[in-house]
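S.K.: Quick paste from Swiss-Prot:
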BINDING   GLY10, ILE11, GLY12, LYS13, SER14, THR15, LYS39, ASN180, ARG181  ATP binding site
BINDING   SER14  Mg(2+) binding site
BINDING   CYS95, CYS129  [4Fe-4S] cluster binding site
Amino acid sequence: MKIAVYGKGGIGKSTTSCNISIALARRGKRVLQIGCDPKHDSTFTLTGFLIPTIIDTLQSKDYHYEDVWPEDVIYKGYGGVDCVEAGGPPAGAGCGGYVVGETVKLLKELNAFYEYDVILFDVLGDVVCGGFAAPLNYADYCIIITDNGFDALFAANRIAASVREKARTHPLRLAGLVGNRTSKRDLIDKYVEACPMPVLEVLPLIEDIRVSRVKGKTLFEMAESDPSQNYVCDFYLNIADQILSKSEGVVPREVPDRELFSLLSDFYLNQPSSSTNNSETNNLDFLMV
């Protein structure tokens, strides 16, 4: 099974991806996480350091694939999760999609691409150009990370459009949304009414999720020394269980931009009179990790 994780920049995709990878490993699956971001920090909380990228390794070998060994590019992370960082082209030059393609090509050359039960692509930001939509070419499912905010749901809608487009020629489905670190979910619910799709989980506003990224540890590793964190891990285990159930998923039909703008803005501008005095309710939730 291959999964591509997308979402608005800064929404917490890498933190969420790493914890989902661990949760899948806890369910007995062999997992490979591929970071698809020039920052090459997707797997930081799994390995504890910035691992060398595929592109760096290929450059050091003058792009002689036959000189590259699995241990040159695949690093063992916490919980037995294997980690790869694709890297990216120089800033302002090249195409990220090409880098993803080279990564998959190399892993196939190493006979590693098909050795895993689950491969998870963690893709940068909400960029859905042909290049950074490339992981969707290899994925069975897409997961969108969002929060209860206006901008994050706009990004989710654009990603949903990319999934629909790719599904025309690939057996790709949207597994669903994951709400990350949000105190409310009313806007998420409003969106999925207009664009039906599963909501796999909504993680509450837990500071330790943000702190885990700074510490370079997953929530599962933090829970080893602080068992009070186990309840947070249960959220990710629930997501893993839904993924492994191999649900049918959906081919989403995105909401037109102007219609979505009206839908989301009207929801806050026209609150019921009983709640108009509650300033907290009227504020958009823009909290991110």
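Just so it is clear, glycine is given a Cβ too, placed from its N, Cα and C backbone atoms.
These figures come from a predicted structure and were not determined experimentally.
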S.K.: Widest Cα span across the ATP binders GLY10, ILE11, GLY12, LYS13, SER14, THR15, LYS39, ASN180, ARG181, in Å?
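M.R.: Binding-site diameter by Cα atoms for ATP: 23 Å.
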S.K.: Return only the integer: C-alpha distance in Å from GLY10 (ATP binding site) to CYS95 ([4Fe-4S] cluster binding site).
M.R.: 21
S.K.: I need the CA-to-CA distance for SER14 (ATP binding site) versus CYS95 ([4Fe-4S] cluster binding site), whole Å please.
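M.R.: The Cα atom of SER14 (ATP binding site) is 21 Å away from the Cα atom of CYS95 ([4Fe-4S] cluster binding site).
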S.K.: Given the binding-site residues GLY12, LYS39, ARG181, which one's Cα is the least distant from that of CYS95 ([4Fe-4S] cluster binding site)?
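M.R.: Given the candidates GLY12, LYS39, ARG181, the nearest one is LYS39.
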S.K.: Can you see whether DSSP assigns SER14 (ATP binding site) to helix, strand or coil?
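M.R.: Assignment for SER14 (ATP binding site) reads helix.
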S.K.: Which Cβ among the binding-site residues (GLY10, GLY12) has the fewest C-beta neighbours inside 10 Å?
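M.R.: GLY10, out of the binding-site residues GLY10, GLY12, has the fewest neighbouring Cβ atoms within 10 Å.
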S.K.: Judged by the number of other CB atoms within 10 angstroms, which among LYS39, ARG181 is the least packed of the binding-site residues?
M.R.: LYS39
